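Take a look at the structure set out below.
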2 protein chains.
Amino acid sequence: MTTHPTRRLIAAVGALALLAGAAAADDDMDYYMSVFEPLPALPPIPADNSLTAAKVELGKMLFFEPRLSASGVISCATCHNPALGWADRLPRGTGHEGQIGLRNTPTVLNSGFLPNQFWDGREPDLEGQALGPIQAPDEMAMDLEEALERIAEFDIYIEHFTRAFPEDETPISAENVAYALASFQRTLNTPNSPFDRFLRGDQGAMTEQQVRGMMAFADNGCVACHQGPALTDGLFHRFELPGPTDLGRFVVTGEEHDRYAFRTPTLRNVAVTYPYFHNGSIDTLHDAVNLMGEQMLGQEFDDDTLNDIVAFLHALTGEQPVVNIPALP
Amino acid sequence: MTTHPTRRLIAAVGALALLAGAAAADDDMDYYMSVFEPLPALPPIPADNSLTAAKVELGKMLFFEPRLSASGVISCATCHNPALGWADRLPRGTGHEGQIGLRNTPTVLNSGFLPNQFWDGREPDLEGQALGPIQAPDEMAMDLEEALERIAEFDIYIEHFTRAFPEDETPISAENVAYALASFQRTLNTPNSPFDRFLRGDQGAMTEQQVRGMMAFADNGCVACHQGPALTDGLFHRFELPGPTDLGRFVVTGEEHDRYAFRTPTLRNVAVTYPYFHNGSIDTLHDAVNLMGEQMLGQEFDDDTLNDIVAFLHALTGEQPVVNIPALP
């Protein structure tokens, strides 16, 4: 381990020190508190897509709308399944006619906090992301014009689009589908995880083991890439995984250093969004943390450290949004 | 039209008579009230599967559980979609790897009130129905043993099955999956439709046109087959439809008179469970009523009668169950 000596000391006696409330430990805890950021209630809202109740409500309908797929049975919620951490808990996404895609389905939860979208970061924001899976041949396989035609058949959708985009001459448009979906997704956040409550001053919110894990996460350098409120730097990294791979970020940039590189995923709700990595080849948090230690940090975590970090990752599961299924026309 | 003279008179002046509160009209209304039955709060509960909160909660989890399908992305809720009247609004069900099945997906709503299950009535109850779609090669295409193995991997399911079936030595069994799913489905009822409220004495619950439609529905004989709280006799009838057909009830009985015969569907929530008939070949209520008039009653409804009956059918849409999506392990 390449831990800073002070940090290592803290990791060893952290819980005890916490209980004792020693001044030195307080100082160190101040340091950890400064390393991390709790999740704000809402992600940044883009200037050209203000967050309104009308857009969120419409976006929710569209999110559950299987008519946006060629088959008529696949909606965004099929793979971003609210019952399964807003992902699918499969190694790689399964879409139109049972085709299995290249990559693991990322959770929608807190996706508004991500600096960019998709495993290869090819879209800067949720507006850019929203129309991708609808049209992808191995996902919803839908022609966008046909999707708009299907929606425009229903008076209820005409009303909802007009209410959400009152100044548009043609409210039902691909752009507005994206705006509405992005707006709904910006409301799917998981505040008040034990980690957030701890950062906001509730010292009992995490277990002692989770606090040790948080320290180890910082001390061992995990936080270098998993930083910020969503615990991702939004940057691209390359490492070896079992199972299939693809060119990753290289497809977007053509840069050699981006070959096989994938964006750091958020760790928020990581305990409920298994399996892991871009090809979903790793089933458990233990194996995932172990692999990251070896490949990204060049070190083998001892069992205690590994268990502590995994315990900490469980503290990143927040309150899941409660969503009533909308009645569609 | 082959309407009874008294009934025909009522159909013509019904609304007026209602308002005037004439004694004769009251008598006639008593007749109509005696023809129909409001929906009880719960369907009959079988003696060997008592309805308990623990079973309902487990059944809800299983209903939303895509791991019960071979692909891992199809759950009961995929085709019996709560957003779409607990059906799929497609002509025929779309299942494993995009295969399109033989028949239209029936709604789960009020299915506990049906005298038998499936378009061909091959199962007597929801317990018998529940495991069919899981194993059907063109639906969820799942091996039942494998489904049980997948579920048994999760402590949360072990807990839920044990709580729901405390006296069983092996709580996780195919039989108990069926019991739990059936229990959940028995809670998916739609009380308090305008029709039910009217039958319970709220004379303003249906519009005048809907009241006329109810009378026409009785007077013209629709109620002969669409009777009882679910508005189905549970019997099998044969008529000609456009689009593909199949042997229907004949497959179950081998009786010649059952060839191409299908069970009378419930009319509850019929306005939100289009398209219609066993092959989903009819898109609108107008066309469906028209076709029934011609084929089952041997008469062509005039436009007013047709519109009145369709208006009445809209009064059969009840309060939809509000279901929060469960968090699955």
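Cβ coordinates come from backbone N, Cα and C, glycine included.
Keep in mind that TrEMBL annotations are predicted by a computer and have not been checked by a curator.
For reference, TrEMBL has these:
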- B:1-25: signal peptide (SIGNAL)
- B:54-162: domain 'Cytochrome c' (DOMAIN)
- B:Cys76, B:Cys79, B:His80, B:His96: heme c 1 binding site (BINDING)
- B:208-317: domain 'Cytochrome c' (DOMAIN)
- B:Cys222, B:Cys225, B:His226, B:Met292: heme c 2 binding site (BINDING)
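The heme c 2 site is defined by B:Cys222, B:Cys225, B:His226, B:Met292, and by the 8 Å test on Cβ atoms against their centroid, the other residues of the chain that qualify are B:Phe217, B:Gly221, B:Val223, B:Ala224, B:Leu231, B:Thr264, B:Leu267, B:Met296, B:Leu297. Listed binding-site residues (B:Cys222, B:His226, B:Met292) with a CB under 8 Å from any chain A CB: none.
Note: the Cα of B:Cys79 (heme c 1 binding site) and the Cα of B:Met292 (heme c 2 binding site) are spaced 26 Å from each other. In the three-state DSSP scheme, B:His80 (heme c 1 binding site) is classed as coil. Between the farthest pair of Cα atoms in the heme c 2 binding residues (B:Cys222, B:Cys225, B:His226, B:Met292), the distance is 11 Å. Binding-site extent for heme c 1: residues B:Cys76, B:Cys79, B:His80, B:His96, maximum pairwise Cα distance 15 Å (rounded to the nearest whole number). The domain 'Cytochrome c' (B:54-162): residue composition by secondary structure is 53 helix, 6 strand, 50 coil, according to DSSP. With the fewest other C-beta atoms within 10 Å around its C-beta, B:Cys225 stands out among the binding-site residues B:Cys76, B:Cys79, B:Cys222, B:Cys225, B:Met292.
A distance of 29 Å separates the Cα atom of B:Cys76 (heme c 1 binding site) from that of B:Cys225 (heme c 2 binding site).
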